[in-house]
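TrEMBL annotations:
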- 23-50: repeat 'ANK' (REPEAT)
- 56-88: repeat 'ANK' (REPEAT)
- 89-121: repeat 'ANK' (REPEAT)
- 122-149: repeat 'ANK' (REPEAT)
Amino acid sequence: MCDFSLIQWCCHHGADVNQCRFDGVSPVFVSSMKGDTKAVKLLLEYKADVIKCIGKEVSPLFVACLKNNVEVVKMLLEYKADVNKCTADEVSPLSIASQEDHVHIVKMLLEYKADVNKCEDKEGSPLFIACQNGHADIVKMLLEYKADIYGLSGESC
């Protein structure tokens, strides 16, 4: 992880917290990916853009969900990250959390009004993905939030 004191020094001296690297990666994205809660909190306090994406529109929230960084997900949601922001491939934060069996994150996303029926181009809904991967706790949770059992393909899981 990056040295927190260096991030803090840069923020206190007016650095642009939304300035991306040459590859389009923002400081809050890197900190979210690494699960560096102190850095994410500081960057958010300095108005880091929680919606700013890289490459194929991968958001800080998406990568935090993928990496199971629960505290970072919570912070990003509190700072109004778009809970339904999909990648260019139409993968939602809820879909990736359902795929990876990140139960606490799925619950949090649902509490923040994630679209339980948001489908991906090829893979189907979060419910279909959870069924396909045998994640029973997530399947139950998605059904409690009224997930459509017929989803994208018209077949039930």
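Any Cβ shown, glycine's included, is placed from N, Cα and C.
Across the residues of the repeat 'ANK' (122-149), the predicted structure has a mean pLDDT of 91. As a summary of secondary structure, the repeat 'ANK' (23-50) carries 17 helix, 0 strand, 11 coil according to DSSP.
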